[in-house]
Amino acid sequence: MWKFARFVSACQLSRSRRFSTVIPGPCIVHKRGADILHDPWFNKDTGFPLTERDRLGLRGLLPPRVISFEQQYDRFMDSYRSLEKNTHGQSDKVVSLAKWRILNRLHDRNETLYYRVLIDNIKEFAPIIYTPTVGLVCQNYSGLFRRPRGMYFSAKDKGEMMSMIYNWPAKEVDMIVLTDGSRILGLGDLGVQGIGIPIGKLDVYVAAAGINPQRILPVMLDVGTNNQTLLGDRLYLGLRQPRLEGEEYLSIVDEFMEAVHARWPKAIVQFEDFQMKWAFETLKRYNKRFCMFNDDIQGTAGVALAGLLGTVRSQGRPLSDFVNQKIVVAGAGSAGLGVLKMAINAVAKISGCSETAAKSQFFLIDKNGLVTTERNNLDPAAAPFAQNPRDIDGLTEGASIVEVVKKVKPHVLLGLSGVGGIFNEEVLKAMRESVSTKPAIFAMSNPTMNAECTAIDAFNHAGEHIVFASGSPFENVDFGNGNVGHVNQANNMYLFPGIGLGTLLSGAHLITDGMLQAAAECLASYMSEEDILKGILYPSVDSIRDVTAEVGAAVLRAAVEEDLAEGQGDVGPRELAHMSKEETVEYVRRNMWFPVYSPLVHEK
Ligand SMILES: NC(=O)c1ccc[n+]([C@@H]2O[C@H](COP(=O)([O-])OP(=O)(O)OC[C@H]3O[C@@H](n4cnc5c(N)ncnc54)[C@H](O)[C@@H]3O)[C@@H](O)[C@H]2O)c1
Ligand SMILES: O=C(O)C[C@H](O)C(=O)O
Ligand SMILES: [Mg+2]
């Protein structure tokens, strides 16, 4: 048996099969006794072997029987299944929150077991720890709050952040997800309650990219809230003041970024769910100075572009035909504009034409209808994508979605508006006139109730031959005739973990457009022709570790090509540059943390 065993390094472990064949390296712990039991990073509950109980002063603090990791795992899954049974018939909200609570309790108690059940059951648990349930959790956060997770920097901490950052107990941090809570999914300003989003995103980082959970940090920048309901709620846990604006706001974000950089110069900061004006402004302000990216603008753009290229292949057409695809985007916010920028750039590259010429196939709609150059007070961010009404026969400024769809007959109708149901029956029926043999409908807004349409409505009204994708998961649709409509999940979760991991392993100190484009191209080429022709544009969430390894390798190789890779640990830029594509994927895979109990070694 021993000869099949492999050693893996300390707390940084590589992937193994279920519960056998790995002898994990030791993990250093600076505490003893009950303090270990109360620390979810090290706690093994009843899983501490007797010798370890002796060494760490745990004897007598636990019931005598030692329960194996596998038995603990099964026990948790049994309780989860009984909870499902016991809540059967109750409202979706009650059931989802009960499921989140049982997972959250485990997260707070024993991270190794938590991440193991999460990784092994990612498809089932992603909708609980991520969209859609994470939205519900944020809406109810002040009431659900039991224990803090991550760090909270508020407007009241001005001048203190440089020292506060040292309050975080881990020596090293690789990945930070930061929000100011101002645009949580499609739910608007949720103030401090938005902390659920960085927590959920980082759970996906651990599950998909194998970032070590001891090296992640969810952060809330609480600069107040303009949500009147929260301000009036006596249990609200954030600052009870209106949001800071202008220079006052930016000075808080600046101070935070400087503090992070001072303590962990190589940590990657993912900006998440900032309202549009600050999403664009902070990206421009920091992306040449710090290792950061904005997931809603850049991660979403890559995932959407991969899907758009997939829709071309799903029609049996060559990718070069992307330049002829007519695409209507509903939503001119950080996500919609990010998608347009990247897609237009791709058209220009494929066709060799200018970006101005490339944009003629794209139609942008916001809450006031079709965006044209005739718009009063045209938002400068949307201006590059505004159509000139003279070029679009029969459509005028402010035309409604249904008018645009009827006139343009687009290949793709894509929603990033945050408004549920705007692809109504009339709009979806209008998509039947699409010039495409496989019209595509992307209802990408989150959470589920904010999706522009449901999967059932899309297939019912637009036809069984469409390609459908949504930001939050929907069940596949059974047509009752032996055929099934496939539901894709077009969510930035397919890219951000690989962007983070690839950047980390490359040792690059910036995230460039080239690295992001490599991520998108990798995802676009991930699916087989056979799947794509069936309308399957994205992999199943079950294979997210595999996708992430490929995306991470693509990002790493792009950093090498751009001469930005400084390497990490023993693997320097020269070693990275000499790795083949396959070796890079293997290198990324080997560096994914995988949860097993490591022997704990006490050090003062
Ligand atoms: N699937 C994903 O991976 C993904 C990624 C990022 C964002 N999103 C979702 O996209 C949505 C928007 O995010 P954002 O950051 O761009 O928000 P945002 O607030 O910056 O922008 C929303 C945009 O939608 C427009 N809009 C509002 N009502 C509309 C209507 N009736 N018709 C057409 N447009 C309308 C607004 O004018 C605005 O331009 C959110 O629900 C978010 O959850 C999904
Ligand atoms: O959080 C998600 O599920 C995707 C995206 O980042 C969003 O803001 O909706
Ligand atoms: Mg987001």
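Residue numbers in this text run from 1 along the chain shown.
Glycine is no exception: its Cβ is also placed from the backbone N, Cα and C atoms.
Copied from TrEMBL, the annotated features are:
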- TYR130: active site, proton donor (ACT_SITE)
- LYS201: active site, proton acceptor (ACT_SITE)
- ARG183, ASN446, ASN491: (S)-malate binding site (BINDING)
- GLU272, ASP273, ASP296: divalent metal cation binding site (BINDING)
- 107-287: domain 'Malic enzyme N-terminal' (DOMAIN)
- 297-560: domain 'Malic enzyme NAD-binding' (DOMAIN)
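Feature map: annotations from TrEMBL on the structure.
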residue: TYR130; record: active site, proton donor; contacts (Cβ under 8 Å, 6+ apart): GLY200, LYS201, ASP203, VAL204, MET493
residue: ARG183; record: (S)-malate binding site; contacts (Cβ under 8 Å, 6+ apart): ASP189, ASP273, PHE274, GLN275, MET276, ALA279, GLY333, SER334, GLY418
residue: GLU272; record: divalent metal cation binding site; contacts (Cβ under 8 Å, 6+ apart): VAL177, LEU178, THR179, ILE197, PRO198, LYS201, ASN294, ASP295, ASP296
residue: ASN446; record: (S)-malate binding site; contacts (Cβ under 8 Å, 6+ apart): THR131, PRO132, GLY135, LEU185, GLY186, GLY471, SER472, ASN491
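Only ASP273, in sequence order, out of the recorded positions ARG183, LYS201, ASP273, ASN446 have a CB under 6 Å from ligand 3. Selection of the recorded positions TYR130, LYS201, GLU272, ASP273, ASN491 by a Cβ distance under 6 Å from ligand 1 yields, in sequence order, ASN491.
Over the domain 'Malic enzyme N-terminal' (107-287), the average per-residue pLDDT in this prediction is 98. For the recorded divalent metal cation site, residues GLU272, ASP273, ASP296 set the reference point as the centre of their Cβ atoms, and the other residues of that chain within 8 Å of it by Cβ are THR179, ARG183, ILE197, PHE271, PHE274, ALA279, ASN294, ASP295, SER334. Taking a Cβ distance under 6 Å to any atom of ligand 2 as the criterion, the binding-site residues ARG183, ASP273, ASP296 reduce to ASP273, ASP296.
Within 10 Å of the C-beta of LYS201 (active site, proton acceptor) we count 28 further C-beta atoms, all protein chains included.
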